[in-house]
Amino acid sequence: MLGDGSGRSLGARRGGCSPERPPPPPGSSRCPVPAPGRSGGGERRARRKRGTAMGGSGSLLAREALDEYQELTFLSKQEILLAYKRFSELLPREERENLSARVPKSQILTLPELRANPFQHRICHVFSTSEDGDDSLSFEDFLDMLSVFSDSATSDIKSHYAFRIFDFDDDGTLDRKDLEKLVNCLTGQGEESRLSTAEMEQLIQNILEESDIDKDGTINLSEFQHVISRSPDFASSFKIVL
Amino acid sequence: LRDCIQTDIRYLSGWKQWKRTSSKSLKKVLSEVKELSSYLELWRHDIHSIEGIYCLMCIFPHSMCFCLLNFIIFILMFSFITLPSIISEYGIFNSSFAKVQPKHIEPHCTVYKPTGNQGLVYFYTYLKDLLSGTGFLEVTELFYGYYTIDAAWLSTLSYNLPLAYLLATFAYLALSLLWIIKRSVEGFKHNLVHNEDQFQSYCNKVFAGWDFCITDPNAAQLKHRSLQYELKTDLEEERLKQKIAERTTKEKLRIYSLRIFINIIVLAVLSGCFYSIYRATVFSQENSNDINNTNFQANLLVQYLPSIVITLANFIAPQIFSFLITFEDYSPAFEIRLTLLRCIFVRLASIGVLLFSLWSQISYCDTDKCKACGYNYELYPCWETQVGQEMYKLMIFDFIIIIAMTLFVDFPRKLLVTHCSCKPVQWYGLQEFGISDNVLDIIYGQTICWIGTFFSPFLPAIATVKYFIVFYIKKVSLMHTRKPAARPIRASSSNFFFLVVLLIGLVLAFIPLGISIAHIPSSKACGPFRSFNTSWAVVPATVLGFPTGLQQVLNSIASEAFAVPFFMVICLVMFYFIALAGAHKRVVEQLREQLVMESRDKLFLIRKITEAQRH
């Protein structure tokens with residue numbers, strides 16, 4: 001199957017990846033968006049090559065790049081062009097031609113789609129492939145993000161990335177502290193909008209009761225995906241459209 | 001990602017590569033088609049802009065679907081009923097029509113002279129006619145009375161208009177039923193496989209709680225608050241359930257007797273409403289036939305009296321219900337549902353009461369002459385048209401009320417709140433965007449449309465235009481004057497609930513139509529069913545014209561010898577599916593237990609390994 005083959009080859013290339021990073025979910029109809037780990041030199045070389053090839057296209061994306069992006073992500077041509085337009089507005093004028101330019105996190109957070117989102121920092125962290133750890137996004141990271149949040153992404157992909165966004169300490173499982181931070185994000189910043197300790201205890205107890213199947217006190221990826229598959233609102237709420 | 005595809009290409013053989021390229025080009029073509037069709041999607045951009053602020057997918061897609069459904073119903077009725085009538089009336093394509101004089105009918109039953117305006121009339125007569133469907137509108141294709149044709153001839157082909165009228169009615173009812181069932185099957189499947197109350201589960205609220213498409217910081221603030229409120233209420237409800245389980249017998253007795261008392265009050269309120277609707281209808285019918293009354297406003301008021309009373313009842317009753325339910329000590333979620341159910345009952349039953357009072361007037365017969373016709377021929381020579389006019393008035397009045405409420409209540413309220421900072425005004429605040437009110441409005445309007453289309457074939461077209469305009473008015477009002485409700489109902493559960501109530505509305509629409517078609521004698525002075533006893537009688541008459549073999553088959557299908565075994569077979573099939581669903585539920589439970597077992601085995605094995613490694 002395409003999925004298995006790609007998983008094996010990706011694993012071989014991603015030599016430097018930390019083992020806790022969950023592998024891309026198999027069985028999706030397209031090649032899954034790879035986990036933005038500390039990728040090897042191969043990807044960077046490919047990107048730089050493509051950057052120079054498209055020097056003269058002006059403000060429009062080259063046609064082969066557009067086709068390639070359309071194939072690799074869940075986005076349509078219109079959406080990719082719109083994303084390109086919005087992304088280049090965030091860049092200073094002289095860097096607009098360079099497709100591997102990175103936009104710092106503070107700029108990304110000015111986008112209306114992200115500025116009101118309580119998970120904005122986590123989203124930038126999860127989708128960023130920057131080696132400096134400053135959570136800046138390149139255009140491909142931006143497209144990755146939009147692809148996962150688009151209408152046509154499968155619920156497998158969405159739940160996989162939702163798990164990573166909710167995993168605040170990046171340890172591969174959702175434990176009590178992660179859940180507490182998650183609930184605090186949902187109810188808003190500020191002291192008066194938080195739940196009381198007793199209510200938080202009761203809530204976390206209920207959540208674990210419903211989703212923790214092996215009763216180890218944490219929610220791993222498969223338990224999370226199982227719970228999400230039963231949730232009717234997930235597909236309609238986990239969506240960003242430009 | 002690119003690397004992964006390139007490595008794949010190296011591993012695959014030539015045949016597989018060709019397959020991949022062809023599937024890639026197919027996908028490209030499909031995506032192009034999809035892009036084109038997305039331009040045609042009605043209101044997609046508008047819904048996106050609303051989603052950005054409120055992210056509620058409840059009402060607006062439904063408005064769009066109803067527009068489409070009503071338009072399709074209108075096309076159906078137009079092409080099968082109105083078009084043949086117009087073609088044969090004006091003799092286009094060498095067509096003609098046949099008007100058979102009904103036999104065995106007393107002549108006094110067939111007298112019908114609608115007063116289409118002749119000579120000079122005041123201008124306001126036109127306005128009055130437009131608003132109440134009388135006068136010049138009564139003789140147009142809008143109402144049943146126009147279609148007084150028994151058969152239309154197109155050169156040598158004959159078109160049986162009465163049969164077409166009846167079959168088109170059944171067709172649009174069946175179409176609406178199929179459409180609702182198709183849309184509600186998904187929600188129902190979900191509900192049946194998983195336990196009840198899954199919609200309200202904590203995991204759903206926490207993991208899928210935040211709508212990622214919110215772009216406005218104010219809306220985000222409101223969403224935070226509503227999520228906090230929701231979680232707090234759910235936790236409180238759980239604590240309440242605990243408390244209820246620990247109630248003593250004495251307390252239970254007190255609560256139940258209080259509930260019975262309050263339900264009696266609710267019934268009293270309902271009967272009060274229905275009685276007032278009945279009297280208003282009777283009064284309106286008696287006085288609107290008095291043509292000497294030339295006072296324009298008084299006449300219009302009398303005509304619209306039933307609609308006004310129904311709207312008042314629909315406005316007052318929910319306030320009373322939400323006041324009463326606080327005494328009944330239910331859990332908050334159940335309170336909302338019960339109040340909603342009661343309000344829906346008031347709305348749908350008020351239409352029923354209106355129709356019932358109309359029929360009691362129509363079939364009220366004390367003289368022999370009247371009994372010969374079967375209905376009150378003096379006041380209602382063409383009673384289907386009168387019923388159609390009442391439905392038309394209800395729809396127009398509903399439309400006017402929506403526009404009036406938006407213009408004269410919402411906007412001034414918003415102006416008042418933003419400019420006048422005195423305490424009572426600020427406390428009164430902006431109107432909340434109540435999903436339930438909008439749901440009730442749509443269902444009410446649609447039920448009127450379903451009932452009224454038999455009596456007035458152009459009603460779906462009016463409904464289409466109405467929904468179209470109402471969508472834009474509500475959108476503008478929503479953007480500028482409303483604030484989101486503090487207690488939003490979840491999108492998925494309200495979707496399913498909406499469709500269930502719609503189904504109830506449709507079934508409720510079957511009843512008056514069934515009685516009109518099958519029980520009440522059709523009017524002998526107008527309409528396609530003049531020569532028949534009741535409207536349904538055209539079907540047996542047509543069956544008699546079939547060849548003998550087919551007749552025998554149809555007769556046997558309609559007999560008891562077929563119906564009883566058929567009913568038993570249907571019951572067996574239903575029981576089979578229920579058993580299957582129960583079995584699947586049990587399989588799911590067993591698989592869950594198996595998962596738990598396996599993880600325990602894994603922990604046990606890991607412990608054993610670590611022990612073995614230590615030694």
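Note: Cβ is positioned from N, Cα and C throughout, glycine not excepted.
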Annotated range (TrEMBL: transmembrane segment) out of B:260-278, B:393-411: B:260-278
Contacting positions for the transmembrane segment (B:448-473) when only residues 6+ beyond its ends and CB under 8 Å are counted: 43, 60, 63-64, 66-67, 70-71, 73-74, 77-78, 81-82, 141-144, 147, 169, 172-173, 176, 351, 355, 384-385, 387-389, 391-392, 394-396, 398-399, 402-403, 406, 505-506, 509, 512-513, 516-517
Model confidence over the domain 'TMC' (B:382-492) (mean pLDDT, whole number): 77
Long-range environment of the transmembrane segment (B:339-359) - Cβ separation under 8 angstroms, sequence gap at least 6: 266, 270, 273-274, 277-278, 281-282, 285, 306, 310, 313-314, 317-318, 321-322, 325, 386-387, 390, 394, 436, 440, 443-444, 447-448, 451, 497, 501, 504-505, 508, 511-512, 515, 520
